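Novice: So TrEMBL says this about it:
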- B:38-91: domain 'P-type ATPase N-terminal' (DOMAIN)
- B:64-82: transmembrane segment (TRANSMEM)
- B:121-264: domain 'P-type ATPase A' (DOMAIN)
- B:285-308: transmembrane segment (TRANSMEM)
- B:339-358: transmembrane segment (TRANSMEM)
- B:ASP404, B:LYS405, B:THR406, B:GLU515, B:PHE557, B:LYS580, B:ARG611, B:THR691, B:GLY692, B:ASP693, B:ARG806, B:LYS812, B:ASN836, B:ASP837: ATP binding site (BINDING)
- B:859-1106: domain 'P-type ATPase C-terminal' (DOMAIN)
- B:923-943: transmembrane segment (TRANSMEM)
- B:973-995: transmembrane segment (TRANSMEM)
- B:1010-1029: transmembrane segment (TRANSMEM)
- B:1041-1062: transmembrane segment (TRANSMEM)
- B:1082-1104: transmembrane segment (TRANSMEM)
Amino acid sequence: MMASSYNAKEEDGHHSGASSGTGLSKNKKPDNTAFKQQRLPAWQPILTAGSVLPAFFVIGLIFIPIGIGLYVTSNNIKEFEIDYTGVSSDSPCYNCAKNFTWNTTEPCVCTVNFTLLQPFESNVFMYYGLSNFYQNHRRYVKSRDDRQLNGDLSALTDPSKECEPYRKSGDVSIAPCGAIANSLFNDTLVLYYVDSNNSKIEVPLVKKGIAWWTDKHVKFRNPAGNGNLTLAFRDTAKPVNWAKPVYELDPSDPDNNGFINEDFIVWMRTAALPTFRKLYRIIQKKSGTTPTLPNGNYMLNITYNYPVLSFDGRKRMILSTISWMGGKNPFLGIAYITVGSICFFLGVVLLIIHHKYDNRNTSADIPS
Amino acid sequence: MLRRRLNRWFGGEDRRVGSRTIYVGHRPCPANEVFIPPKFCDNRIVSSKYTVWNFLPKNLFEQFRRIANFYFLIIFLVQVIVDTPTSPVTSGLPLFFVITVTAIKQGYEDWLRHKADNEVNKYRVTVLEDGRRIQKESEKIKVGDVLEVEEDETFPCDLILLQSSRDDGTCFVTTASLDGESNHKTHYTVPDTERDVESLNATIECEQPQPDLYKFVGRMHIYKNNEEPSLRSLGPENLLLKGATLKNTQSICGVAVYTGMETKMALNYQGKSQKRSVVEKSINAFLLVYLCILVSKALVCTTLKYVWQSKPGQDEPWYNEKTLKEKETNLYLNMFTDFLSFMVLFNFIIPVSMYVTVEMQKFLGSFFISWDKDFFDSEIEEGALVNTSDLNEELGQVEYVFTDKTGTLTQNNMEFIECCIDGHQYKYRDASSEVDGFCVTDGPMNTVQQKAGREREELFLRALCLCHTVQVKESTEQGQGQDGRIDQVDGLMVDGQVVPPLQEQRGFIASSPDEIALVQGAMRYGFTFLGLESKTMKILNRANDVEMYELLHVLNFDPVRRRMSVIVRSISGETLLFCKGADSSIFPRVKQEEVEKIRMHVERNATDGYRTLCVAYKHLTAEEYDQVDSGLREARLALQDREEKLMAVYNQVETGMNLIGATAVEDRLQEEAAETMEALQGAGIKVWVLTGDKMETAKSTCYACRLFKRNTELLELTVRTLESPGKRREDRLHDLLLEYHKKTVQDAPPAKTRVARNWSSQDYGFIVDGATLSMVLNSSSENNLHDYKDLFLQICQNCTSVLCCRMAPLQKAQIVKMVKNSKGSPITLSIGDGANDVSMILEAHVGIGIKGKEGRQAVRNSDYAIPKLKHLKKLLLGHGHLYYVRIAHLVQYFFYKNLCFILPQFLYQFFCGCSQQPLYDAAYLTMYNICFTSMPILAYSLFEQHISIEMLLENATLYRQIGKNAMLRWGPFLYWTLLGVFHGLVFFFGVWFLFSNPALQDNGQAFGNWSYGTIVFTILVFTVTLKLALDTRHWTWINHFVIWGSLAFYVFFSFFWGGVIWPFLRQQRLYFVFANMLSSVSAWLVIIVLILLSLLPEILYVVLRKPRGPYARQKLVQSSAGGIQSPRSSARPLLMRTFSDESNTVS
């Protein structure tokens, strides 16, 4: 059907004519059906000022409160952000950043002190943020092998071509292969609360539940190896920029090791924009009325493994509470208030026009 | 070889290469020592294009010859060769789909053709070979074979009729399958071949194959026992065409002259020239713009990419190293492949699916025309016929209508009204008034003698009875099957009490209804034509005696000569020539003293709108006759220029005749002709009448059709007005042209108010005749030729209606062509019913055939065929208007939806280092145009009625709103493009702001780039679909189903696509992305607010525009509901409506 029309042109006159008309109309009265006579019953809405006006007002009246609600919600979210890249010389991580080399056995550790002015109630989410990091570069985005990550044994030893140039290390294939995996964010962040006695209390960081459930349980699978990951990965090499192989990402928890390590999974979900944040840890709310993070001084202990200065990038640590709408973002609230107001305003304008127009109904010469 | 033999035969003076020689029965002729059987093609009909072997390459080649297909193929190849962001599947799949479906469809059609060919080619025919009958397959027939064909069989190739089972050497055929004329035509055997086909020794020499069905010249040399070969002329009356069917004759024998692909039928099946619609041109222009956008986008991105890369650390950061291959490639080659990659990334802006959808819309949409029961005519049991679906929307753009008069404006249902003999008028009244029904109503001179002499009367009636080519239908043999047919042809049978019961079943068949009317007129006055039997015409005269006349020659009618004659010999041995024809062609050829008496009548009849014919006769002495006879025979034997030679003889014979009288035949106006014309004029369409008829007749028809109104000032440019004493015609022409030009063009109000001009200021009607027109067009000797044509055109364009009378068919086409190519290239439509309209039907943008009485040629060559003129109104104002609006909207919408589809992808390049990263998943890229957004617009473009058909028909001025391609000009295009840009910006940046914090889920988890794309895509699909929903004025259940269905399908598909780990995919990009998106409240909120924001300007536009379109409509609803006394076709309310609407349209 589709193509018969598509190339009807190239058909000779008599053939197309025969197909479209003669057979149907010859000596035969056309069917008097509503469809063929183009008389199907139809709803014929006419948008008039009269019918649109209430809609505008209703939209305005709904959107403005929603917007205000969203704005307030967003404002109530507490967020604390600190840049620990170490660009300026007075930054505690300046030395680590400056003296970075890939092949060190002794990791560089720096400590950043900060103060929370307000207590963070409920669960607090710890993010790391990167800037000017193009996780959405095409060469980068495609440089992965989802089959390998899904535990496919053949892909484990023979990764996809897309992983180049992070596909093989010498003759041994890399697991996990590709640029994304290779550049896994490997700073270790530890948070301490400095109480009034100036003693450091480590804030417990939960690393479960930071990745999508479906990613962790379906999309990412460790290769079968009788529960022994070392065995499963024995024919593979670690990514070139990694300090340790994939099966040692979290030796303490076999459910968080290998490909199903949540930090790894989170990293593998490539960010949309060059400035992004990724969930690092969750600070669970303690029972009772004590805030999760009381106001006061904190220490962030950073094992500085991840170089960003070479491409003028930045690293941040973000602490944030979360509402039902996610993290702090005033945009939605503003958008709703704006659109609601526009609708309301238009409603008023239309009302005026409608009024005027009604008065001149008889003359019918509305300027266009 | 052939040429040498020919040269030997005809001597040096003949240079006829364009003829072929056929040996009847393959018998060598005594005249030739050497018999070399000439080579002709066999009788295989090959209408199929492909064979099993060449189907694939040939079909693919033909498909990729289309620019669009080729473009997509290139894109596909680029994707395969170059490392591009999207997989080749995204563009390959749609292309493959389109190509495959087209190939399957064409293959199927070709298979059908093969089957049909085989049926024809394997048909068993009887060949007479050496006195034996041999059954052969049709494809084995060779030129020169003698075939026997029996009744109701079709002729397997073009045959020269040698022998017929009928005594008089005739046979009847019907050419229904060739030109649709189902009447029986008589064909004649070649004289002297009748008896001895078995032993006939002859050669036939005839022209090379040519497609004209009605032309054939040839001659036959018959060799008898070493006598001097005798010559016989062969004409179309001897030629039986392949495809025609033998009727009423038991069997015939004929010799094959043209076989296989050289038969006239095969030659006629070549496709007509392609007509393209304005919309298509607009599409191409828009395509060009979009191609520019595409290229500039790709250029911008490529440039930016290299600028971005030049910053240190950006090109190849440690986390994202290039492969070895990428590093090694030459920089410029890299740039080029990058450019190509961007082209591929953005190529969706020009979608394959648009072509598919447009073609599909046209194809499916055209069914509504053939389905329309309003176009069904119960008289001929047929509805409208659509020969092409490419021009549907052109019906909504017509600015000029060129209409034929006879059969189009009028019914071509002739009735004999009155006649005039020697200046006395005879009007047929009622049977009761006088016994013979023949009375004088008013003699011109009211002298003592009120009637013309009885002798003159009878001479006149005999002339009517003899001077024609009418056949009598043998009611006994074929009466039953064709009753309907008879009734149509001779509508006069209705008043049966006049006609003697004996003649009641008598049917007449003629090529022109005038002749039937005349013969029947004569019948009413007591002279009945009984028929033609072996060259003898029988007439039943008033005294019920049968008179016999030997028919010697028929000097056929042709439109140039505008008359026909017969030469007959009466029993008494008198040779008489009877001639009838148009007054202008008869008057100069008769004795002048007779003219004056008749002229007055003729002119008065013409003013009354009757068709007039003058009848003249002439006695031929035996000497004269011999001269004429030999002249005619000679001319008929000529192979070359036969027409011209015949014409010369005709002109020579038809002189010095005696005028007997004139006839007046009424041709009634078509039903609702006036209303239709009025509606067309109300729609701003200029109607030109192009007719071969007399000026007076045509003028009165124009008045009757309300093309000319009482206040219309007529500007005449005819032979009559050019004749002024003391001046050369050329000078007079010059003066008149200038004068009219001044009147119509210079004094006319400025163009802006012209729309309203029809009603407010002076109307002009322009009349021109063929002779003057050719003076205007062909006065090549004049220096100011160009000016004449321009002046003429300008005058014509400023008149509301133009009447061109006395037009030859070619002149009609000339006029159409002139208007078509004039400034602003207006869209022209030609409508006609006869063979003489074919040229203008083919010439105009849209050709409409009326399924009238003058055969089927107009219908065959038309783009659309309708049974009656009145259907033109609905075809243009209803269907045309809707089709145009639909397709214009379709085209604009397609460009719009792809612009806002691709713009976010383009913008995304600024945020991903111009790395060609696609924003959407490949599945979305592929499916967007095929599945998610294609059906709603298709449904819209098939069912939309922004204004109901009734309203469109009632209110013709609405047609002007879409005139001049109003919806596809650059203004609307810019509007849609800006809308697309706005939407694209809103989609992208709205989500961009949202993603400034990608932690959008209530469990703190963050979204990645595919979520970003999916959110944008969701907004996009919903917005463009809802935008279409806003534009839809006519919601049938199909629209509801398709619009909500596509949205539901999108959601369903996204769940499904993201819900499974697809083993064939290398990357599971969208795994649970959609579901996660829906679990985020923020995503919901942003989708809602952005859709609303995008649609706001549209809603606003619709509401603010409201006072114009729908307001007028509302008011109309009120007025028609308010119970106006005569809502339809009454002039007054129409006038008022037009006023009020115009004030709206002009503003």
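Every residue gets a Cβ built from N, Cα and C, even glycine.
Remember, it's a predicted structure, so these values are computed and weren't measured experimentally.
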Novice: Counting Cβ pairs under 8 Å to the transmembrane segment (B:1010-1029), which of B:64-82, B:973-995, B:1041-1062, B:1082-1104 comes out on top?
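Specialist: Ranking B:64-82, B:973-995, B:1041-1062, B:1082-1104 by Cβ pairs under 8 Å to the transmembrane segment (B:1010-1029) puts B:1082-1104 first.
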Novice: Only counting partners 6 or more residues apart, tell me which same-chain residues put their Cβ under 8 Å from the Cβ of B:ARG806 (ATP binding site).
Specialist: B:SER584, B:THR691, B:GLY692, B:ASP693, B:LYS694, B:MET695, B:ASP769, B:GLY770, B:ALA771
Novice: Of the stretches B:285-308, B:339-358, B:973-995, B:1082-1104, which racks up the most C-beta pairs under 8 Å with the transmembrane segment (B:64-82)?
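Specialist: Comparing B:285-308, B:339-358, B:973-995, B:1082-1104: B:339-358 has the most Cβ pairs near the transmembrane segment (B:64-82).
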Novice: Grab the same-chain neighbours of the transmembrane segment (B:285-308) for me: Cβ-Cβ under 8 Å, and only residues 6 or more beyond its ends, written as numbers and ranges.
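Specialist: That would be 314, 335, 338-339, 342-343, 345-347, 349-350, 891, 895, 899, 906, 909-910, 913-916, 968, 973.
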Novice: In the domain 'P-type ATPase A' (B:121-264), how many residues does DSSP assign to helix, to strand and to coil?
Specialist: 15 helix, 68 strand, 61 coil
Novice: Average the per-residue pLDDT over the domain 'P-type ATPase A' (B:121-264) and send me the rounded value.
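Specialist: The predicted confidence over the domain 'P-type ATPase A' (B:121-264), as a mean pLDDT, is 78.
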Novice: Between the two most separated Cα atoms in B:ASP404, B:LYS405, B:THR406, B:GLU515, B:PHE557, B:LYS580, B:ARG611, B:THR691, B:GLY692, B:ASP693, B:ARG806, B:LYS812, B:ASN836, B:ASP837, the residues recorded as binding ATP, what distance in Å do you get?
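Specialist: Spelled out: the longest distance between any two Cα atoms in B:ASP404, B:LYS405, B:THR406, B:GLU515, B:PHE557, B:LYS580, B:ARG611, B:THR691, B:GLY692, B:ASP693, B:ARG806, B:LYS812, B:ASN836, B:ASP837 is 24 Å.
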Novice: Could you tell me how many residues in the domain 'P-type ATPase N-terminal' (B:38-91) are helical, how many are strand and how many are coil under DSSP?
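Specialist: Going by DSSP assignments, the domain 'P-type ATPase N-terminal' (B:38-91) contains 29 helix, 0 strand, 25 coil.
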Novice: Under a three-state reading of DSSP, tell me whether B:ARG611 (ATP binding site) is helix, strand or coil.
Specialist: strand
Novice: Reduce the DSSP letter at B:PHE557 (ATP binding site) to three states and note it down.
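Specialist: The three-state answer is strand.
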Novice: B:ASN836 (ATP binding site) has how many other Cβ neighbours within 10 Å of its own Cβ?
Specialist: 23
Novice: Would you pick out, from the binding-site residues B:ASP404, B:THR406, B:PHE557, B:ARG611, B:GLY692, the residue whose Cβ has the largest number of other Cβ atoms within 10 Å?
Specialist: B:ASP404
